[in-house]
Amino acid sequence: MSRNVQRCCAAVVLCFCGLIAGCRKSTEVLPKTTKQFSVKGKIIATDPEHAEITLQHDAIPGLMEAMTMPYKVARKEIVNELHPGDVIRARLLADQTSDGDFTGAKLDEIAVIAQAKPDFKPTSNYHAPNVGDVLPDFTLIDQDGKPIHTAKFKGKTLLITFIYTRCPLDDFCPKMSRNFAAISKSLAGDRALYDGTHMLSISFDPAYDKPSVLRAYGKSYTGDGGFAHWQFAAPTAAALPEVEKYFNVGVTPEGNGSLTHSLSTLLIDPAGKVAAWYPGSEWTPEEVVAKIRSVPRS
């Protein structure tokens, strides 16, 4: 175990030096606008380069229900001590705006209460999309069973989100699809903007979400609009890990056949570079449409 980590009270609880001195809570004075919450969950993925972990956590009273999403870590070097599968307790700090929303969430006072594997080092980590990142040319199979390449959309503004058709949580995949339907309807009011934009919903469940399934699912949202402007697709099972890593989509199969997962929505500019990243489900169709309008057209 790294010297940055100490074993507390002869138990499995590990506390990081400098974060929880002697396993005690920090005594610093926080700004009045900064709120703190206790969070417990399992790490799905780590991203040391961007000081971020994807956490599948329990409900956080007063903030949000149970979900899986990426969080920034207050001290970047701590991420190297964390591994997928570790169960942690931590303090979540977030700044509350005048309208009651929370921004700038980050984790500190992290304690590992169950290790997935002592001193395990993952061979790869997820990529947190940054503005300006180049979108790789991923190959997907669309709702008609035809291969499509993400590179083919260069010259258009491309909006991508992730879903799986069996998702039972209304605030997750169904919300992403409803949001996309609202965006498509809004864009249709500006023909030039509509024609210069393409939308793509990607399933991370290719074993179940075959083209026929994606087609039926997609039609329930596109209606008579067809799939020329908004396609539904999935990578092959072999290509899925690379797609998940690039787009920072953490997916964990559960015993009941469902998938615990994070959410990731990206806006790609006509040059094929990331223009905006929307993790989680709190973004609105209105803010995405406004961002699409601001992206320079080719």
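In case you wondered, yes, glycine gets a Cβ from its N, Cα and C as well.
For reference, TrEMBL has these:
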- C167, C173, H261: Cu cation binding site (BINDING)
- C167-C173: disulfide bond (DISULFID)
- 129-297: domain 'Thioredoxin' (DOMAIN)
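The Cβ of C167 (Cu cation binding site) lies under 8 Å from the Cβ of C173, P174, S258, L259, each on the same chain and at least six residues away in sequence. Using the Cβ center of C167, C173, H261 for Cu cation, the list of other same-chain residues with Cβ within 8 Å runs, in sequence order, F162, I163, Y164, R166, L169, F172, M176, L259, L263. Proximity of H261 (Cu cation binding site) to non-local residues of its own chain (separation of 6 or more, Cβ distance below 8 Å) is seen for T68, F162, Y164, F172, F204, V249, G250, V251, T252, given in sequence order. DSSP assigns H261 (Cu cation binding site) to a strand segment in the three-state reduction. Cβ neighbour count for C173 (Cu cation binding site) (all protein chains, 10 Å cutoff from its Cβ): 26. The secondary structure of C167 (Cu cation binding site), as reduced to three states from DSSP, is coil rather than helix or strand.
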